[in-house]
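Colleague: Just lifted these from TrEMBL, have a look:
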- Arg12: site 'Important for substrate specificity' (SITE)
- Asp69: active site, proton acceptor (ACT_SITE)
- Thr70: site 'Important for substrate specificity' (SITE)
- Gln152: site 'Important for substrate specificity' (SITE)
Amino acid sequence: MKPFILASQSPRRKQLLEQAGLSFSIIPSSIEETVPNHYSPEETVALLAYQKAADVLKDHRDSVVLGADTIVSLDGTILGKPANDEDARAKLHLLSGRTHQVLTGVAILSSEKEVTFTAQAQVSFYSLSDEEIDNYIRSGEPSDKAGAYGIQGLGATFVEKVEGDYFAIVGLPIAKVSRALKSFN
Ligand SMILES: Cc1cn([C@H]2C[C@H](O)[C@@H](COP(=O)(O)OP(=O)(O)OP(=O)(O)O)O2)c(=O)[nH]c1=O
């Protein structure tokens, strides 16, 4: 069996792989996250996941490498991680009282084989008050998360409804991942 590498610095992805009972090491990629303007949300997360995995595979050719990328999409507009508190506030105002899509792309690559897929969920937010948003930003939770919220944390209190793969929201659709990995062994 080849060594398995998670090409991600996300603590959530690490935790989900551990939850699935997998053994792996962590080597985050250092790619510049740039995607052509005309790319759809699905194409965007698939390309970024692929680039992250390929960046690490090039120096670890004997391994199986997993890369992933998560974005929030609101009516076709892509919301990534917030640049600062002001940006987080703007993103949360956009999401307030509406339904958005969270998409995660996954690429699992070895020197012989490539598997890429996406998973998604629709998330409906209650209307958020200015005070609620300010308190949330003060908690520090938005800073490293797509769409400026974490459903697994205090952000759970914003969510009226979820349809789809919950684990795609947290950053890794773990059931699809563990099934796809079987074909690499
Ligand atoms: C919407 C949402 C996102 N997120 C997280 C998952 C991802 O870690 C992050 C999106 O950023 P990504 O750019 O996908 O990943 P990352 O920078 O954390 O890690 P790496 O590029 O090294 O793989 O947002 C949550 O944890 N909870 C949520 O509810």
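Every residue number used here counts from 1 along the chain in the order it is shown.
Cβ from N, Cα, C; glycine included.
Are these features on the surface or tucked inside, and what are their neighbours?
Modeller: A helical conformation is recorded for Arg12 (site 'Important for substrate specificity') in the three-state DSSP classification. Non-local neighbourhood of Arg12 (site 'Important for substrate specificity'): Gln152, Val170, Gly171, Leu172, each in the same chain, at least six residues away, with C-beta under 8 Å from its C-beta.
Following the DSSP three-state reduction, the secondary structure of Asp69 (active site, proton acceptor) is strand.
Cβ neighbours of Thr70 (site 'Important for substrate specificity') (same chain, under 8 Å, six or more residues apart in sequence): Val45, Val102, Leu103, Thr104, Gly105, Ala146, Ala168, Ile169, Gly171.
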Colleague: Let me check the 10 A CB neighbour count of Asp69 (active site, proton acceptor). How many other CB atoms are there?
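Modeller: Asp69 (active site, proton acceptor) is surrounded by 26 other Cβ atoms within 10 Å.
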Colleague: Would you mind pulling the DSSP three-state label for Gln152 (site 'Important for substrate specificity')?
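Modeller: Looking at the DSSP assignment, Gln152 (site 'Important for substrate specificity') belongs to neither helix nor strand, so coil.
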Colleague: Measure the Cβ-based neighbour count of Gln152 (site 'Important for substrate specificity'), defined as the other Cβ atoms within 10 Å of its Cβ.
Modeller: 16
